[in-house]
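Working notes, beginning with the structure itself.
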Amino acid sequence: MPQPSQFDETDCIARAQRGEVAAFSELVTRNQDRIYRFLVRMTRSQEDARELTQETFLSVYQALPSWRPQAQLSTWLFRIARNQALDRLRRARHVEFVALDDALHQQVPADTPTPEAMLQARQRIAELERALARLSVEHREILLLRDIEDMPYEDIAQVLGIGLGTVKSRIARARAGLLQHMPR
Amino acid sequence: MTCPRIEDLSAFVDHALPARRQAALQSHLRACPVCSQQLDALRALRQELHALPSPTLGFDLAAQLQERLRDRRPPRAARPRRAGWDLLGWMPTGLAAGAALVSGLWMGGLLLGTGAAIPTTFAAADPAMARVFDPVPPGGLCAATEICRLPRNLP
């Protein structure tokens with residue numbers, strides 16, 4: 001998904017703050033899939049992720065007057081989405097692994113050459129998703145932000161409200177944990 | 001150089017080490033197959049995670065939110081303001097303050113026994129009647145005893 005340039009984004013937010021519904025809708029359209037992708041792997045439920053994505057943007061709408069251009073919109077969005085997910089997980093008390101929709105596992109890279117390679121790729125994706133689901137929430141969220149969303153350490157520190165040193169060590173522990181859950 | 005911690009290898013994958021540390025680790029990796037293998041595993045893991053299928057929401061959330069946004073409080077900046085609305089908003093308070101002032105003046109006029117506000121049937125007929133509003137001394141029951149006292153020759 002194309003990311004908005006800083007100028008466009010700031011301008012868009014300013015217009016949304018002035019009450020332009022079209023500008024707010026543009027912000028939603030540009031970010032909805034990123035937030036949903038994060039939430040679906042946090043909650044392991046497509047239904048919860050859909051609902052929480054909506055709640056995230058409704059919270060953003062209400063908090064929009066307090067947003068200042070010094071803050072980065074994406075880190076703000078992910079912080080709100082993460083809080084929504086943690087609330088939901090806390091209320092659920094325990095989280096069971098629920099397989100993501102099969103259709104998701106069917107998505108393999110387009111350049112996969114043979115049917116055997118395609119099958120292997122699907123299996124690998126399923127294994128990785130299962131291993132991710134077995135990680136603690138703390139480790140899962142940081143890997144989602146770093147390795148799937150490609151977020152810099154500084155932004156991760158802001159989303160999670162932790163120091164840079166903690167980001168670095170937690171990413172390393174999460175990766176080591178994920179490697180342990182993966183079949184050799 | 002001794003083998004680095006997993007923390008440094010992981011940061012090396014992300015190019016998040018200071019330049020000198022990155023260079024030192026690079027030269028260690030050339031000589032250490034164990035660390036080199038661990039680094040390859042971390043790199044492959046990052047690539048695989050990055051290449052995971054990307055689920056999409058599958059519908060236009062912005063259009064769906066329009067309904068619910070109407071129920072929510074709009075952003076402060078978006079709230080429309082009519083010209084002169086601020087002055088009209090203060091009108092009830094002003095009226096109440098005015099009414100309180102007028103009634104205060106009227107009651108003050110009663111107590112002082114002056115001014116046109118005093119009804120002739122009450123104050124002009126017997127000015128002593130207004131004294132019942134005077135402060136009552138401690139232990140007293142009535143400010144104007146001559147009014148409060150009951151006549152002895154009651155039937």
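Cβ coordinates come from backbone N, Cα and C, glycine included.
Remember, predicted model here, so these are calculated numbers, not experimental data.
The annotation domain 'RNA polymerase sigma-70 region 2' is assigned in TrEMBL to A:27-93. Look at the domain 'RNA polymerase sigma-70 region 2' (A:27-93): DSSP puts its residues at 58 helix, 0 strand, 9 coil.
Annotation source TrEMBL lists coiled coil at A:118-145.
The domain 'RNA polymerase sigma factor 70 region 4 type 2' annotation in TrEMBL covers A:126-176.
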**Complete:** Residue counts for the domain 'RNA polymerase sigma factor 70 region 4 type 2' (A:126-176) under DSSP, helix then strand then coil, are 42 helix, 0 strand, 9 coil
